[in-house]
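> What follows is a structure written as structure tokens; I'll ask about it next.
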Amino acid sequence: MDLEKGKKPSEQAAACRIMQVKDKLITLQPVVRACVFLATAVAAVIMGLNKQSYTTVVAIVGTRPVTQTFTAKFKDTPAFVFFVIANAIASGYNLMVLVTRRILQRRAQSLSVHLLDMVILTLLATGSATAASMAQLGKNGNLHARWNPICDKFGSFCNHGGIALVSSFIGVALMLALNLLSAAANSPRSNVTGQ
């Protein structure tokens, strides 16, 4: 019957396989989005609660030591504040899309979600990169600017920041994968007949 219509049976099978692959890509998106939500939420919470105090002796008056307490908080560095905000926005956005995904099934709405996914990916990547540069500065210092490293005194602060950074970069990688899945699922149906 296909030969009467001018189609080859292999073309119809290829079109069916393409639709099956697209269906698998569409069903995989909520799983990846949930993983992005978890990774970015963990990063935002860990960095948002990151605080450590360090007490040291600054002078000795007679026989009595004078101490001073230094505190490292994420709020002290604008890059870490941006990191927390970017991860919070990304986790909130992904949660919102997960909750409303049944409503967003039409192609036009799916394309707007794809465009917003790219914006969130950019926001998340820049937040992670700025925090990583400040974390590197805190760990190694900058000898040319005479900025000493602080991770030898604030070890817990640096460890928690590192965990938050790893979680955020996992979120960036998953968000990139989600963008690729979304682009493949939203691509127009290919012309199998070659016309």
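From the backbone N, Cα and C atoms, a Cβ is placed for every residue, glycine too.
In case it's useful when we look at the structure, here is the feature table from Swiss-Prot:
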type: TOPO_DOM; residues: 1-25; note: topological domain 'Cytoplasmic'
type: TRANSMEM; residues: 26-46; note: transmembrane segment
type: TOPO_DOM; residues: 47-78; note: topological domain 'Extracellular'
type: TRANSMEM; residues: 79-99; note: transmembrane segment
type: TOPO_DOM; residues: 100-114; note: topological domain 'Cytoplasmic'
type: TRANSMEM; residues: 115-135; note: transmembrane segment
type: TOPO_DOM; residues: 136-160; note: topological domain 'Extracellular'
type: TRANSMEM; residues: 161-181; note: transmembrane segment
type: TOPO_DOM; residues: 182-195; note: topological domain 'Cytoplasmic'
> Hey, which bits of the same chain come close to the transmembrane segment (26-46), Cβ under 8 Å, at least six residues off its ends?
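Here the qualifying positions are 83-84, 87-88, 90-91, 94-95, 97-98, 101, 124, 160, 163-165, 167-168, 170-171, 174-175, 177-178, 181-182, 185.
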> Determine the mean pLDDT over the topological domain 'Cytoplasmic' (182-195), rounding to the nearest whole number.
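Reported value for the topological domain 'Cytoplasmic' (182-195) is a mean pLDDT of 60.
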> How about long-range neighbours of the topological domain 'Extracellular' (47-78): same chain, 6 or more residues beyond its ends, C-beta under 8 Å?
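84, 87-88, 131, 134, 150, 153-157, 160-161, 164.
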> Near the topological domain 'Extracellular' (136-160), which same-chain residues lie under 8 Å Cβ to Cβ, leaving out any that are not at least 6 residues past its ends?
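Sequence-remote neighbours of the topological domain 'Extracellular' (136-160) are 46-47, 49-52, 54, 56, 70, 72.
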> How many helix, strand and coil residues does the topological domain 'Extracellular' (47-78) contain under DSSP?
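So the topological domain 'Extracellular' (47-78) is made up of 6 helix, 21 strand, 5 coil.
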